Amino acid sequence: MTLLVGLGNPTLRYAHTRHNAGFDILDSLVSELDLSFTFSPKHNAFLCVYKDFIFLKPQTYMNLSGESVLSAKNFYKTKELLIVHDDLDLPLGVVRFKNGGGNGGHNGLKSIDLLCSNSYYRLRVGISKGIGVIEHVLSKFHKNEEPLKNAAFEHAKNALKFFIESHDFNAMQNRFTLKKPLKIES
């Protein structure tokens, strides 16, 4: 089984903020597959099982995401872990993939690295840098950013659909990496 995790913060206060890119992309994927999440108190997360995948949205707040991930990983004895997360070091509209490595200062990844190791797949979605990191990642996208954000999230969702069918991270990486922001026609 593969554990596919979207990172974000719970509560309406953080809904659709830059830091919740992982939640939003997973929500879109689950909706398109005509599935739904159910809350698991055991893992303090919303879960959805599909084929040999477990979709997980930790409800621990970002800095403690590793607790939910470790709990689900151990309970389901998953072989692979893929984390979908925002990346402020990437421009908005860029989607990249990584296997292992550092956390880039992302607190959700720090928590996962500490409790689980740093050997997992990542789908990184650019949110661009702003003035004041905390304020920026916890802010909503500006109206003029919405078309590019929506296109990037759709691209990331399509990459995940490909991965679910292929079970091939390298093929997904080769096919769906966007080194430059998507071009949006107005």
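Cβ coordinates come from backbone N, Cα and C, glycine included.
Here is what Swiss-Prot says about this protein:
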- Asn9: site 'Discriminates between blocked and unblocked aminoacyl-tRNA' (SITE)
- Tyr14, Tyr61, Asn63, Asn107: tRNA binding site (BINDING)
- His19: active site, proton acceptor (ACT_SITE)
- Asp86: site 'Stabilizes the basic form of H active site to accept a proton' (SITE)
### Task
Starting from Asn63 (tRNA binding site), work out which of the recorded positions listed here (Asn9, His19, Asp86) have their Cα within 10 Å, and give them in sequence order.
Asn9
#### Entry: Pairwise C-alpha maximum, in angstrom, for the residues (Tyr14, Tyr61, Asn63, Asn107) that bind tRNA according to the record
15
### Query
Closest of the recorded positions to the residue listed as 'active site, proton acceptor', Cα to Cα, picking from Asn9, Tyr61, Asn107?
Asn9
### Message
Here's one to test understanding: among the recorded positions Tyr61, Asp86, Asn107, whose C-alpha is closest in space to the C-alpha of Asn9 (site 'Discriminates between blocked and unblocked aminoacyl-tRNA')?
### Response
Tyr61
### Task
Write out, in the order they occur in the sequence, the residues of the chain not among Tyr14, Tyr61, Asn63, Asn107 that have a C-beta within 8 Å of the mean position of the C-beta atoms of the recorded tRNA site.
Asn9, His19, Thr60, Met62, Leu64, Ser65, Gly108
### Most Cβ neighbours inside 10 Å, all chains, among the recorded positions Asn9, Asn63, Asn107
Asn9
### Task
Give the number of CB atoms, excluding that of the residue listed as 'active site, proton acceptor' itself, located within 10 Å of its CB.
23
### Message
Restricting to the chain of Asp86 (site 'Stabilizes the basic form of H active site to accept a proton') and a gap of 6 or more, list residues whose Cβ falls under 8 Å of its Cβ, or answer none.
### Response
Leu7, Arg18, His19, Asn20, Ala21, Gly22, His106, Arg124, Val125, Gly126, Ile127, Val137
### Summary
DSSP, reduced to three states, assigns His19 (active site, proton acceptor) to helix
